[in-house]
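Since the structure comes first, as structure tokens, the remarks are kept for the end.
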Ligand SMILES: *[C@@H]1O[C@H](CO)[C@@H](O)[C@H](O)[C@H]1NC(C)=O
Ligand SMILES: *[C@@H]1O[C@H](CO)[C@@H](O)[C@H](O)[C@H]1NC(C)=O
Ligand SMILES: *[C@@H]1O[C@H](CO)[C@@H](O)[C@H](O)[C@H]1NC(C)=O
Ligand SMILES: *[C@@H]1O[C@H](CO)[C@@H](O)[C@H](O)[C@H]1NC(C)=O
Ligand SMILES: *[C@@H]1O[C@H](CO)[C@@H](O)[C@H](O)[C@H]1NC(C)=O
Ligand SMILES: *[C@@H]1O[C@H](CO)[C@@H](O)[C@H](O)[C@H]1NC(C)=O
Ligand SMILES: *[C@@H]1O[C@H](CO)[C@@H](O)[C@H](O)[C@H]1NC(C)=O
Ligand SMILES: *[C@@H]1O[C@H](CO)[C@@H](O)[C@H](O)[C@H]1NC(C)=O
């Protein structure tokens, strides 16, 4: 009876061990299955309401990776027809209507079942900042109308607001470094997340129609702490210098340039050194009154309704000289940590991505291939003095502006921001990074949806260390139990 009992006892133990090992195996498979379940796709949309035009961006990402860097991609970009929303100050309902075409397009790319979960934002920049300065109730009405339109669509509308210049700069900086994956670095050797090297963090240079922004991570020893913003992203602190210059976007700059040239001469016909020979532009002095950048009274000029003809002279050196007069460099004295108008800026550091109008102007001039500063200067000078036979035909509409824009960009980067022959080579003129357009919109959405955690990521892209470790533990346990059962059987 002892033998029978012992045999029954061991069979029971073997049975239990086999059952346990089967359970363990099933559990480990289930956990692996968890990780490989198809993720669901999420969407978000942001309108970039700039001073001269509005664009809509639709982004998408896998829900199970949303806290990782670089996983959001751009599904759609749509250019709104017509002018920027601030141009509808006298007819605000039209600002709302202008958005419909792009909203309809977006509804076609987001599956109907997911539309109600799509966070939808509208961010307005310098054009609306200027309108608010000039007529704040008109600015409020425009925002109310675009809100009304967006609320008619079955999306999760989260607000229409005017960004500050510093927010615009910071979100551009976040967008670039998110897309270029520079925030998080996992060291497989050390099995840990390591602080990204400062040299791998990119600065951001943004040029719009009404303002321009510079954002970068300065050397901490030269930092003026009052002028930096502090962010905690993926477990690390970043102290970012960012400054936005209102009225230094390219369109406001061109208007200020025209006003200055007219004020100096005070005549009805005025030479414009930046416009091509054989090109005339008629401008009404009343147009200067529509923007706070040009509506200040000037003792040399009465802003009546007079029309003035600007006559192109195609004078490269004259153009550069006239543009430099738009900056007050003397307000900085001998200070090196100063751009113009007495604005503080630490020395530029590291690599920069120059996007929006920096890119478009240089692209037109074929200057986005990393040419040396000497080549860039020569190309611009040659372009400015070139004569254009078809300058008045409609497809050349923007051509007369490129000389002024290019010289403006050079002055801003070299004389104001103080890039030199060496650091010039650290500026990359880009429109896209990976699949997405570079701008402030992605960084804005990431921040407002809390998709950039303050803590380091919990997983390496593609697989999850903790779950894999658990699965492997289970498998080893299964094998050990099976082996023990086998030994017991043999022993009996
Ligand atoms: C992302 O992070 C937030 C807050 O840190 C957390 O609540 C959420 O579960 C995370 N999502 C994923 C998919 O890891
Ligand atoms: C430009 O205007 C000037 C004077 O107003 C005139 O003499 C000249 O012919 C015009 N040039 C062109 C190309 O229209
Ligand atoms: C200025 O020119 C516009 C069209 O170019 C014309 O309608 C307007 O009457 C002119 N203004 C004056 C004061 O001459
Ligand atoms: C170009 O402009 C500069 C500065 O205004 C002037 O000194 C020079 O004479 C101009 N050159 C030509 C060819 O008009
Ligand atoms: C430049 O700035 C200085 C100091 O703020 C000021 O005195 C000077 O008038 C400014 N110059 C111009 C042309 O505005
Ligand atoms: C260029 O500027 C950088 C700092 O922005 C500085 O370290 C470097 O010495 C400068 N180079 C030259 C040639 O002036
Ligand atoms: C840029 O390059 C293209 C192709 O090489 C050429 O057709 C175009 O004229 C160039 N643009 C300028 C402004 O030189
Ligand atoms: C992002 O949002 C948080 C609040 O969630 C805010 O404290 C932070 O300043 C924002 N970041 C930027 C760059 O504005």
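Numbers run from 1 along the shown chain.
The backbone N, Cα and C atoms fix where each Cβ goes, and this holds for glycine too.
Values in this document were obtained by computation on a predicted structure and should not be read as measured data.
Annotation source TrEMBL lists active site, proton acceptor at 168. What TrEMBL records for 209, 210, 211, 212, 213 is ATP binding site. Among the features that TrEMBL reports, transmembrane segment is placed at 12-30, 467-491.
With respect to ligand 7, the binding-site residues 210, 212, 213 contribute no residue with a C-beta closer than 6 angstroms to one of its atoms. Counting every protein chain shown, 22 other Cβ atoms lie within 10 Å of the Cβ of residue 209 (ATP binding site). Rounded to a whole value, the Cα-Cα separation of residue 209 (ATP binding site) and the residue listed as 'active site, proton acceptor' is 14 Å.
Checking the binding-site residues 209, 210, 211 against ligand 1, none has a C-beta less than 6 Å from an atom of that molecule. Neighbour list (residue 212 (ATP binding site), Cβ cut-off 8 Å, at least 6 residues apart, same chain): 205, 206, 244, 245, 248, 249, 412. Neighbour count (other Cβ atoms within 10 Å of the Cβ, all protein chains): 31 for residue 168 (active site, proton acceptor). If you compare Cα positions, residue 168 (active site, proton acceptor) sits closest to 213 out of the binding-site residues 210, 211, 213. Just so you know, the Cβ of residue 210 (ATP binding site) picks up 29 other Cβ atoms within 10 Å once every protein chain is counted.
The Cβ of residue 213 (ATP binding site) has 165, 168, 169, 172, 204, 205, 206, 242, 243, 244, 245 as same-chain neighbours under 8 Å, each 6 or more residues away in sequence. With a cut-off of 8 Å between CB atoms and residues at least 6 apart in sequence, the same chain places 51, 125, 126, 129, 165, 168, 244, 245, 246, 247, 248, 249, 252 near residue 211 (ATP binding site), listed in sequence order. Same-chain residues with CB within 8 A of the center of the 209, 210, 211, 212, 213 CB atoms, the ATP site residues themselves not counted, are 51, 125, 126, 165, 206, 207, 208, 244, 245, 246, 248, 249, 250, 252.
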